[in-house]
Amino acid sequence: MAAVPELSSEVTAYHSDENELFFEVDGPNKMQYCFQDRDLCSLDEGIKLQISHQHFNKSFRQTVSLIVAVEKLRKKLAPCTWAFQDDDLRPLLPFIFEEEPIVCDTWDEEYESDTPVPSRNCTLHDIQHKRLVLSDPCELKALHLNGDNLNRQVVFSMSFVQGERSDNKMPVALGLKGKNLYLSCVMKDGKPVLQLESVDGKQYPKKKMEKRFVFNKITSKSTVEFESAQFPNWYISTSQAEHKPVFLGNNNGQDIIDFKLELVSS
C-alpha cells in the first residue's frame, strides 16, 4: 500500500488525534468498529465519526482524518446553479479552432455517392418543327414527322450534372433513352464536331461527366439552346434543309440553334 503523505496545515484543521479506529487481531475478515469509551461526533450533515481511544497506527489514523476533511471541504463548495451545455463552450471555439475554406480542386470518382443522377425524359424539335431521329447507329438527323411517324423521334434522357450554373443556364448530359449513346463534342480536323459516343451503361450517367458530354441548357422564353461546355459559343444545331445531320454550329448563317423541349413520361 502506498504511504499516505503528512497532512498539510489546511487539512490538519479537521484532524483530531482522537479519530482512531480499532481492528481485531484476527484479521480483516472480522473487521469491526470498537466503541470502548466512544464519543459520537457529528462533523457535518451526512458525516458521523465514532471515536475509540485505542492505540492504532498513526498513518491509518491520518488517512481517516483526511477522508473526513475532504468531505467537509467538498460540502463547502458552492453548487453549480445551471446545467452545463454545449453552448457554454461556443465562445471558446474561436480561440481553439481557425476557420479555413475547403477547396476541392479534384474529384475522386471512387468516393462519389451512388445516388442516381437526376434526369428527365424529353424530346426535342427545332423551331421549324423538325424532329430528331436516329438514322444510322451513331448519327442524328432532323426531319419533319407526322402521324404514325412521330414514334421515330428519339427520346433523350437528360441528366443534370456538375457544371457552371446560373439563373437561365443548367449543365446537362443528353443520352438516348434505352441506349448507351451520349451526345459529345470533340475536335476533329481542327473543328469542334458533334457525335454520338458509345459508353459503358454501368458507369454512365454520373454526376461528374467528362466535359465533352456536358451541355449548358440555356432557357430563353419558350425555347432552349444547348451550348457545348467543352467549346463555348458552339451549339447543337440543325440545318434549314430537310433530313440533314444534327451538328455543332457557332450560330453563324442560317443554322438553327433554338429548340422546343417536351417532357415525356418515363
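Just so you know, the numbers here start at 1 and follow the chain as drawn.
Any Cβ shown, glycine's included, is placed from N, Cα and C.
Going by Swiss-Prot, these are the annotated features:
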- LYS169: site 'Important for interaction with integrin' (SITE)
- LYS177: site 'Important for interaction with integrin' (SITE)
- LYS179: site 'Important for interaction with integrin' (SITE)
- LYS188: site 'Important for interaction with integrin' (SITE)
- LYS202: site 'Important for interaction with integrin' (SITE)
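Sequence features annotated in Swiss-Prot and their locations in the structure.
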| residue | record | Cβ contacts under 8 Å, 6 or more apart |
| --- | --- | --- |
| LYS169 | site 'Important for interaction with integrin' | ASN216, LYS217, ILE218, THR219 |
| LYS177 | site 'Important for interaction with integrin' | ASN121, VAL154, VAL155, PHE156, SER157 |
| LYS179 | site 'Important for interaction with integrin' | none |
| LYS188 | site 'Important for interaction with integrin' | none |
| LYS202 | site 'Important for interaction with integrin' | none |
